[in-house]
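Quick look at what TrEMBL lists:
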- His59, His61, His106, Glu108: Fe cation binding site (BINDING)
- 53-123: domain 'Pirin N-terminal' (DOMAIN)
- 178-283: domain 'Pirin C-terminal' (DOMAIN)
Amino acid sequence: MTALKNINATQQVKVTGNALSVGSGFTGLGFRHSQFEGTMDPIIMVDHYTMTVPTFGAHPHAGISAVSVIFEDSEGKFNNRDSLGNDFDIEAGDLYWLNAGSGALHDEAPRQGAKIHGLQIFVNLPAKLKHQSPSSLHIKKKNMPTLEGQGYRVRLVLGESNGQRVSESSVWPFLILDGYASEDSTFTHNIKEDFNAWLYAVEGDLQYKIDGKWHALAQGESTTISQTDPIELNVRGTSETQSHFTLLSGETINESFVQQGPFAMSNQQEIDDVTARYQAGELGSL
C-alpha cells in the first residue's frame, strides 16, 4: 500500500534514472514513484526508452492511464493496438493517452526498421475513475502549439502553458511539455496550485529556478517539485547547444493505492479482482 503525504511547502526530490534493458531492442532509464518520497503523485512511473523491435506484446492495464510521448527524433512508425478497437500508427512528435479505467489490453510495437524514442508514463487515477470504462486520446504533433523565445523551443504536448492550450484534454488534469533550451534562454512555466511537477534532463544538462534559487540537473537526472501553492518554474540549458528536457505536471490525487505491475487499484482486493478478470479474458481482446 502506497500512502501519500501532504506537502505544505515546496519540496524537491532529485533522482537519477535506473538503467533498463529488455530483450534485444529496448533500452532506457526508469523512474518509479517509490523513489520520490510521495512527491511524484499522480505519476506512478516514467520510462525514457529507445525501442527498435516489438518487445512487450499484448498486456493489460487497469486503474491508470498509460501515456506514450514520442519524441521528434524518432524514426519510422509505432503501431498502437488496444481493446478499444484502435489499430493505427503513432508517429514522431505524437501523444497517445490510454485511460485504462476498469481495464484494457494494449500493445505498441515499432514497425520494421523503426527506432522509437520517447517516454512511457503511468499516471494514477483517483478511486472514482478506476472503475469507469476505458477511453483513449491521440494528439498528433501538428495539433500541438509551440512556445518559442530567445534560446528555447517548447512543444505543448498536453495541457496549457503561457496562455496557450491543447484543444483536447485528458481524463485527469495533466501537462506535458517537451522542450529545448540553451544557456542564453529562460523558459518559464507557472505550476498550478495543487499540481506536482516532474522535470527531466533528457539530453544535455539543465538549470532550473524555483523560489529564487537556481538548481542543476545533469543528463539522466530528474526532480520533483511539490507544493500546494502556485509557483513559477524557470528552465535553461547550460551551453550554446540546446538541452532537451521534459516537464510533466498533474493535479495531485492524495489517495493511497496498491500497484502490482500494470495495475494500480485502491486496495489489494481490487488488484485481485482485476487480475482474475484479466485471466478470465474479461478485459477485451486485440
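Cβ coordinates are placed from backbone N, Cα and C, and glycine is handled just like the others.
Since we're looking at a predicted model, the values are computed, not measured.
For His59 (Fe cation binding site), the Cβ neighbour count at a 10 Å cut-off comes to 14, with all displayed protein chains included.
In sequence order, Ala58, His59, Pro60, His61, Ala66, Asn80, Arg81, Asp82, Ser83, Leu98, Ala100 are the residues of the chain that are 6 or more apart from His106 (Fe cation binding site) and have a CB within less than 8 Å of its CB. Listed in sequence order, Phe56, Ser68, Phe78, Asn79, Asn80, Arg81, Ile90, Tyr96 are the same-chain residues at least 6 apart in sequence whose CB falls under 8 Å from the CB of Glu108 (Fe cation binding site). Confidence in the domain 'Pirin C-terminal' (178-283), given as mean pLDDT, stands at 97.
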